[in-house]
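Worksheet: one structure, shown below.
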Amino acid sequence: MTVTTATRPAISVSGLRKSFGDKVVLDGIDLVVTEGTVFSLLGPNGAGKTTMVRILSTLVPAGGGSIRVAGHDLAKEPDAVRAAIGVTGQFSAVDNLLTGEENLKLMADLHHLGRVDGRRRIAQLVERFDLGEMARKPASVYSGGMRRRLDLAMTLVGEPRLIFLDEPTTGLDPRSRHAMWQIIRGLVADGVTIFLTTQYLDEADQLADRIAVLDHGRIVVEGTPDELKSRIPGGHILLRFGDPTALHTAARVLAAAQIDDDALTLQVPSDGDVRSLRAVLDRLDDAQIEVDRLSIHTPDLDDVFFAFTGTPVTAATADATTGGNR
Amino acid sequence: MTSLAYTLTDSATMFRRQLRHIQRYPSLTGMLIGMPVVLLLLFVYVFGETLGAGLPGGGGDRSAYVNYLVPGLLLFAASGAAQGTAISMAMDMTEGIIDRFRTMAISRASVLTGHVLGSLLQTALCMAVLLGVALAIGFRPTATPLEWLAAAGVLLAAGFALTWLSVALGLISDSVETASNTPMFLILLPFLGSGFVPTDTMPTVLRWFADYQPFTPVTETLRGLLLGSGIGASALISLAWCAVISLLSYLWAKRAFRRRAAR
């Protein structure tokens, strides 16, 4: 495959607004997603991520603003947009009464693939998504991770060049989550553009070329993962000591540390990499200080929100149930 | 391929999906087939002798009542199947798969068309089984092949109207439970018409309703075609009812599908 210098936007949105009744869900969104890249929309439940995906994937009309997806005007040529995209939502979109294979066949038929092409594609996807024997069982008996894989496999039957993934790993166990990440990386390697929503900073960090943080219907910050992380102060090493003497000696040795006398702990700013961790431990060793316990705190969504909105994830936002996302 | 050809292909695909559903959810189909058969046996063997005696002309018996009962019961079978249609439509709407279809470049109508075709097949199956049992226990129609064909046409028209109506009812239901309850009135209508007893035995208000509600002319038309009783204006009135109900329900269903999906 040839490497193309992709500069054409796969998605461009300006001034997007949407409200349900008098509740404003999206309040003037501008964003550009470059072809062949992974763009991640990061935000807590109820921030408007799902609404954003539902609008961009033609499910819900926008309230205002201009949107182009895959080179087509979303409002004027929804069918041309549909032909170019694939969507895997956070709510499973598989037919529970059909087997995995039949679900894939249904997609092949709706994409008007011929009998031979359809069969070949289904066999490839069953193999790639590790469905194996289960492909012949009804989807209703699938585990969460497997159902999500089938869901994505169904999306890929039509070989879309732009894929929307709405919280693809929410509710999955760590192993299924990593499997899903591997699959997403594979798609990126094939040159597919991905619009990913997530509530996990590490997921956006692992996968995205650019991250936009969505809060209460507005984008509060946008940039590469490194740009964002460099502006988040939340990462630190937490050291606990056996007695106040050790604590205070350590505090003198590690100048930039924050001390807590009651808990006998020190917070040392760190981005969590091994080199800085080793440096801290070496200095403590040199001073012959015993550390009772050590933990590493990496920045999470709370830190992102605190850094860019000045407030933690609010209860109202975090409590918004999945029902509010529909 | 043209867009019409795509519409047909997509509808055929959705129809195959419904066939699989019928196959994978046999308890629903079983119930829909079983209910009219149970009613047939109940009315013939428990009430048949008494009800037969009350038929116009007098002196009828169980065997006369079988002949009177079957046309109305065929419509009852269609009403019952309509309940199944509403349930399966509502089941579809509560699952994410419809959203997937809506993000694909496929004909929107094909989802509903698939349901309607699947349901018509299910309805035909219910009627065929009922007819088979009825023939086995003494139903003796006098119809010529042409009359049989006409009767099948009338049943198809009625089934078509009921199916679109129940698709619309399924679409406006918030849950599968609601969808299984709303079409209940359709099951009562054959009773409140000429399906089980002649309407002139009913009190005035009820008789007025029974004479003018759509199930009665359809029942009378079927009775005329299958057993040679007078049809009169019933055929025309029946077809008019079926056409109007089909058209209105189709428009209603289309609108409900669009609105429901845009949430």
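Heads up, the Cβ atoms here are built off N, Cα and C, so glycines get one too.
What you see is a predicted model, and the numbers here were worked out from it, not measured in a lab.
Positions annotated as transmembrane segment by TrEMBL: B:25-48 (among others).
Summarising the annotation, TrEMBL assigns domain 'ABC transmembrane type-2' to B:27-260.
What TrEMBL records for B:68-91 (among others) is transmembrane segment. Within its own chain, the transmembrane segment (B:68-91) is flanked in space by residues 18, 21, 25, 28-29, 31-32, 35-36, 39-40, 43-44, 48, 51-52, 55, 60, 115-116, 118-119, 122-123, 126-127, 130-131, 134, 139, 141, 155, 158-159, 162-163, 165-167, 169-171, 173, 175-176, 178-180, 182-184, 186-187, 189-190, 193-196, 215, 218-219, 222-223, 226-227, which lie at least six positions past its ends and keep a Cβ under 8 Å from the stretch.
If you look up TrEMBL, you'll see B:112-137 (among others) marked as transmembrane segment.
Sequence annotations record features per position, and here TrEMBL assigns transmembrane segment to B:149-172 (among others). Long-range contacts of the transmembrane segment (B:149-172) within its own chain (CB-CB distance under 8 A, at least 6 residues past either end) are made by residues 74-75, 78-79, 81-83, 85-90, 93, 112, 115-116, 119-120, 123-124, 127, 143, 179, 182-183, 186, 218, 221-222, 225-226, 235, 238-239, 241-243, 245-246, 249-250, 252-253, 256-257, 260.
Feature annotation from TrEMBL assigns transmembrane segment to B:184-210 (among others). Panel annotation: around the transmembrane segment (B:184-210), residues 43, 51, 54-56, 69, 71-73, 75-76, 79-80, 82-83, 162, 165-166, 216, 219-220 of the same chain, lying at least six beyond its termini, place a Cβ under 8 Å from a Cβ of the stretch.
What TrEMBL lists as transmembrane segment is B:230-253 (among others).
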Cβ contacts under 8 Å made by the transmembrane segment (B:112-137) with residues that lie 6+ beyond its boundaries: 11, 13-15, 17-19, 21-22, 29, 32-33, 36-37, 40-41, 44, 66, 70, 73-74, 77-78, 80-82, 84-85, 88-89, 92, 155-156, 159-160, 162-164, 166-167, 253-254, 257
